[in-house]
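The feature active site, proton acceptor is assigned by Swiss-Prot to His256, with sequence analysis given as support. Feature annotation from Swiss-Prot assigns substrate binding site to His215; the stated evidence is sequence analysis. The Mg(2+) binding site annotation in Swiss-Prot covers Glu254, Glu271 and is backed by sequence analysis.
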Amino acid sequence: MSLIREIAGGPYALAAGPDGAMWVTLVHDGAIARVGADGAVDRFPVADGSRPSLISAGPDGALWFTRNGDDRIGRLTTAGELTEFPLSEGSAPFGICAGADGALWFTEMGSGGIGRITVDGETSGWASVGGTPSMITRGPDDAVWFTLNQGNAIGRLHPRDGVTMRELPTRGAGPVGITATHDDAIWFTEILADKLGRIPLDGALQEIDLPGKPHAVVADPSGGVWVSLWGADRLARVSADGDIETFDLPPGSEPHGLAFGPDGGLWVALESGFVLRMPD
């Protein structure tokens, strides 16, 4: 099954909700959209200039998202109830993920920090890492892993171990997207170097050439990863062995966020104004 829905406002990132719908940030309109299993679209205004960016399902059954434009974390229930939690001015939160500890972890691009927020809304600044931290994911080791877009490194944070950094071999790589796969590895994109990286928990860092300005990356439940090629209007599927298959999108699509839906289908946010479910 394939599905495409026109949604104005700059669809940027997606997450599957516990209600069987896909939830989408609209970065230009300051809103969140819900795409139901039947394809119906509902919009939930957030605030002008809020720039909702990344979104994650929380352990409390709500959707949590970063408000990069007005320094807040947002929480939206599946019933449409919105709550906001202010952060320090200029923090510019961006990436967010659910951690192993039952809290949400997020990056602060502006202040260079990694933050934590409980489902009750208690926020804390956990680490100052610099380097413009971008996206963040829970790793197979229950740490959170994140990209340092201007620091040219991958970071790992665990409350027990603190912060460790892995410098990238390619200078000026501009890492952005990051995800964990079931084979105990961390995958990440290098948008400025046209590469995809992989860090096995028990091995050395690897890089694969992947032209097209790779942006977001998501683990494929059947193995390997999917990558949005923002600069080429394509998607790429990369196997665990490094084999690459690409899929063309309409010109000017600007593919960004990727997420698998409750039905097992791959969904893509196209900043040009569409949300696409890829054919099975």
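Cβ atoms are placed via backbone N, Cα and C, with glycine included.
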- Message: Using a 10 Å radius around each Cβ and all protein chains in view, which of these recorded positions has the most neighbours: His256, Glu271?
- Response: His256
- Reading the DSSP string in three states, the entry for His215 (substrate binding site) is strand
- Message: According to DSSP, does His256 (active site, proton acceptor) sit in a helix, a strand, or coil?
- Response: strand
